[in-house]
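Working notes for the structure below.
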Amino acid sequence: MSNYTERVLKMVKDRNPGEVEFHQAVEEVLESLNPVFEKHPEYEENGILERLVEPERQIIFRVPWVDDQGQTQVNRGFRIEFNSALGPYKGGLRFHPSVYTGIVKFLGFEQIFKNALTGRPIGGGKGGSDFDPKGKSDQEVMRFCQSFMTELARHIGDKTDVPAGDIGVGGREIGYLFGQYKRIKNRYEAGVLTGKGLDWGGSLVRTEATGYGLVYILEEMLKENDLSLNDKKVVISGSGNVAIYANEKVTQLGAKVVAMSDSSGYLYDETGIDLELIKEIKEVNRGRIKEYLEEYPEAEYSEDYSDIWSIDCDIALPCATQNEMDAVGAQKLIDNGVIAIGEGANMPLTSDAVKLVKDNGVFFIPGKAANAGGVATSAIEMTQNAMFDEWTFDKVDQELQKIMVNIYKNASKVAAKYGLKGDLAAGANIAGFLKVANAMLDQGVV
Ligand code: NDP
Ligand code: 2IT
């Protein structure tokens, strides 16, 4: 690392003690920016990095609500408004018991660069709560969402900060959040949230967008290297929004998904996973992936979900959560001859795993590029809301495909320009950084 990046990384670690995921995300980006600072001293002269690693605003609030037994519960709510150089803060809300400042900040930091890569005018932010939606009734989830929004509403707006979903936040939660926002503000401000229902301002393809986008960029990368998805064996971790639609698209394009997982275990079906059944179990019934065995007793199930990477495959798509693939998992994939790994989740590979994968010549698409289709389609939803318009499925899907292909081309081009040909992770970091840093230079020290 150069003096500049080393100094800023040390400052981040000293100033944000214990926020290990945030440190990891910052280190990964700063490491790849060294060639930029060698060529462009103006970023250091203007304190761009020092400003970039400090969120513009951090909001932490109490979320009190009453459960079905009449007991008062208290959760913690977060919204980190990280960077608005390119547009209103944009990024999802995560409801999961593991959520704390370090997680929300790592996600918000990643979001700045990812959003820049989409080419849309959106800044970076992220939020969430340590609330666990698992096992809660719809009424409990509604009361929690209403309490959460009662505080959040004063901080967001269609030109200020536009949340969406992430782990534990899907269509149901966005509906409750939107209803409460509208009630508090007395404004039908459709563009304040994305991932809305299709009858009230949502966009076609937003549900599918992250998973489809992941497969579109994967397909482009394979095509550029004279490969295709046809007959490839694929392992996908997770069975939530991203995993399900990654499976759907990769299957449509001729590949076969043999394994999926949830936080209790993984499923292996060598004949190809029956995705309609997974949708029924996870999307409709909010159940456990293990229930698959009731219809397919010949499929295999293991409670060690991290061992999913021991399954022989050509392509691995981690689509569950951060640091879900470590060096042990990556080594198993390499030993089995994996060709490509695409990060559907945010930071699913540990730093050691990324290094191993790159050193062994596996094609690697980093999350900032690979899962940008979700937020890109959120931006398309905002466009439709601003126009009082509704686009067709094909129109949004084509736009999404164009964006993903552009991200691939842009990240590859920038990597080559900085002497790092083939390193898409560095290319994505540098391309995203340059766009945001130049906007920050233009806008002065703010
Ligand atoms: P969902 O809540 O729909 O699904 C999450 C899936 O991951 C579930 O199968 C869940 O299992 C599993 N999972 C969650 N936490 C863990 C854990 N600690 N260990 C093992 N498995 C776990 O979330 P999404 O599909 O929306 O998000 C998945 C990833 O994709 C996240 O990293 C998110 O940040 C990222 N992402 C999401 C986007 C979106 O548009 N939704 C956009 C870009 C990135 P279980 O059912 O047991 O909880
Ligand atoms: O990580 C992400 O990009 C998301 N969860 C989607 C954010 C969004 O605003 O659509």
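Cβ coordinates are placed from backbone N, Cα and C, and glycine is handled just like the others.
Just so you know, the Cβ of K114 (substrate binding site) picks up 28 other Cβ atoms within 10 Å once every protein chain is counted. Sequence annotations record features per position, and here TrEMBL assigns substrate binding site to K90, Q111, K114, G165, S378.
In this view, K126 (active site, proton donor) is surrounded by 31 other Cβ atoms within 10 Å of its Cβ, with every protein chain counted. The active site, proton donor annotation in TrEMBL covers K126.
Taken from TrEMBL, the feature site 'Important for catalysis' applies to D166. Within the same chain, residues at least six positions away from D166 (site 'Important for catalysis') with a Cβ under 8 Å of its Cβ are G91, G92, L93, R94, L107, K126, G128.
Taken from TrEMBL, the feature NAD(+) binding site applies to T210, N241. Classification of T210 (NAD(+) binding site) by DSSP places it within a helix. Taking a C-beta cut-off of under 8 Å and a sequence gap of six or more, T210 (NAD(+) binding site) has these contacts in its own chain: N241, V242, Y245, A246, G344, N371, G373, G374.
Sitting within 8 Å of the Cβ centre of K90, Q111, K114, G165, S378, and not among those site residues for substrate, are the Cβ atoms of G91, G92, N115, I122, G124, K126, A164, T194, G374, V375. Sequence-distant neighbours of K90 (substrate binding site) (same chain, 6+ residues apart, CB-CB distance under 8 A): Q111, N115, I122, G123, G124, G125, D161, V162, A164, V375, S378, A379. Checking the binding-site residues Q111, T210, N241, S378 against ligand 1, the ones with a C-beta less than 6 Å from an atom of that molecule are T210, N241. Close to G165 (substrate binding site) in the fold, though at least 6 residues off in sequence, lie G92, L93, G171, E173, I174, G195, N241, each with a CB less than 8 Å from its CB.
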